[in-house]
Amino acid sequence: MAKVRILSDRVANQIAAGEVIERPAAVVKELVENALDAGATRIEVEFRHGGRALMRVEDNGQGMMRDDALLALERHATSKIAEADDLDRLASYGFRGEALPSIASVSRFELQTREASADVGTEILVNGGKFVHVRDCGRPVGTRIEVAQLFNSVPARRKFLKTDQTEAAHIIQCVRLYALACPGTAFTLIEDGHVVFRSPQAATLRERVGEIFGRQTAGEIVSIEAAEAGMRLSGLIGRPGFGRGTRHEMIVFVNGRPVDSRTLNYALIESYHESLPKGRYPVAFLFFECDPAAVDVNVHPAKREVRFRSEPAVRGFVIRAVLARLRELSAGVAAGGAEEIRDRREGQETPPFEMRNPVEAGGKAQATGMARPLQQDGRVAAGRAVQLGNAGASYPGNTLPAGSARDSASAARPGNAGHRESGTAEATPVAMAKPGAPAWRFVGLAHGSYVLFETAAGLVLLDRRAAHERVWFERLQDQFQGGAVPSQRLLLPVPIELDPIAAAMLLDRLAFLAAHGLDVAEFGRNFFRVEGVPGWMEPADAEGFLRDVLGAMREGRMQTANVDLAREELARLAVAKAVRLPAEANETAVQALVAQLFATRSPLTSPAGRPTFIELNHSELARRFQK
């Protein structure tokens, strides 16, 4: 007797279901995709008990004739493609013809459909892969599919499902993705009889984001448009500083299809490297479009993973596009100071940051720098009204690299000869030299790191370290872009021993590091010595800096094939490791720092993505004091 046998269609469908239908959300995904491919402008999704008991998807699409409806339940029957070459120009969500027969083989499956040319509709009932009946029914044009008792015929699969709440969360996320992908289609989602969300047809992407993710998210995102070499990027991205603790609001679509793409996710996170703190993720709803032949969506049965023909080109394009938009936003703030931030936050219900209210804490005053009167001691220095426009003044600390074009421009600005002072707090503040910038009246220094200013809108608190790092970061970037960085020779070279992998990486990048002021030479197997450092680096910092550089190389954050990104990462590491906050923090030094900060391209954040300053407007102060 032969040991090899051909499996029955029922068994084959159940095996296919194991690949295509991982959980209830996968059923909803396949049915919603079919509805969209059918041209639906209205889709209603309902489910009960996390999809275990029931899932129903109804649309007003083209519908099907009886013969087509029966064929749709056969394996590899589809209207989307006819030959292999069609895979290179896919314009539909589905194409395999596996979903419906796979679903019907592991559930109680009911399909009702009618095409516009038919007088009556067709109803098909399948239970566990076996046809129960096929008959006429009355219904409007479109299709309705109900899937009940999922995996009842495959108990082993059913026991691996998570809780109803978990499965429901996956279904909701799935419908959200397609609602975002198709703003022109009306979506209704119902869970256990309650409407989760209802989005009308022809909503804009921003409106749909607001309906699904809330008004705060919709108010913190801006549009992006870019095109290059047959690629196009559009959608909405978060402003600098606006991020989340998870990647759940970092959503990308490729040719209209929601996907998980390491290439696009990496590019997005890399673009926000200096706009968000470590551990925070961008908020983005991005649509990437390219030639269908340049992307492979046939990687996984669930069609959530894609591969690009040229991953580096795609990654570079997205990074350049997002960085350019973020720098536009930061440049706008640099030109207008804190005005843009204040205007944006006036209408928000939540404060820009949380600060404990002494009354709410049981009536005990909290011992914070903000809660005490400003005193002239080592921690809090009283100040006077000053002009924050002296960009040409020197700021103490490591000697800043020379040669920045912005330095000359700042020094040449009118009004940079000095600052106005007054012995009383009633003095009139003078606006910053930047056109359109607000008047920041210096009040005092708290805890050595924070500078308090009074503005017409309220109060501004500046983080000296974050501002200092931003100034340094861009000065170093400019110096690196300008060509070879001079190196100062060390009388006593610094020896370093590395593991073989790190040693091999370093050998490949010695020329790159030397061009940027760090001279490293090999003097034995896995042994090196630092013989020269840039003028702004202390010799004692050389080993730690070099090890940080190697760590970035191992993590893929410093690929010298992309020189601009490698230089940017080198500058970021230099600021974090080798640039120290100056001890001197008098009024003149602070004045120079603020002017230099607003001369940068991205004054809102430090290179690590932390905010450089925050603002408390009058309404927020009044709310805090319960006025």
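Using N, Cα and C of the backbone, Cβ positions are placed for all residues, glycine too.
The compositional bias 'Basic and acidic residues' annotation in TrEMBL covers 339-348. The compositional bias 'Low complexity' annotation in TrEMBL covers 401-415. Taken from TrEMBL, the feature domain 'DNA mismatch repair protein S5' covers 209-327. The feature domain 'MutL C-terminal dimerisation' is assigned by TrEMBL to 442-585. Here TrEMBL flags 335-367, 391-430 as region 'Disordered'.
Across the domain 'DNA mismatch repair protein S5' (209-327), DSSP assigns 40 helix, 40 strand, 39 coil.
The average pLDDT the prediction assigns to the domain 'MutL C-terminal dimerisation' (442-585) is 82.
Under DSSP, residues within the domain 'MutL C-terminal dimerisation' (442-585) fall into helix, strand and coil as 65 helix, 40 strand, 39 coil.
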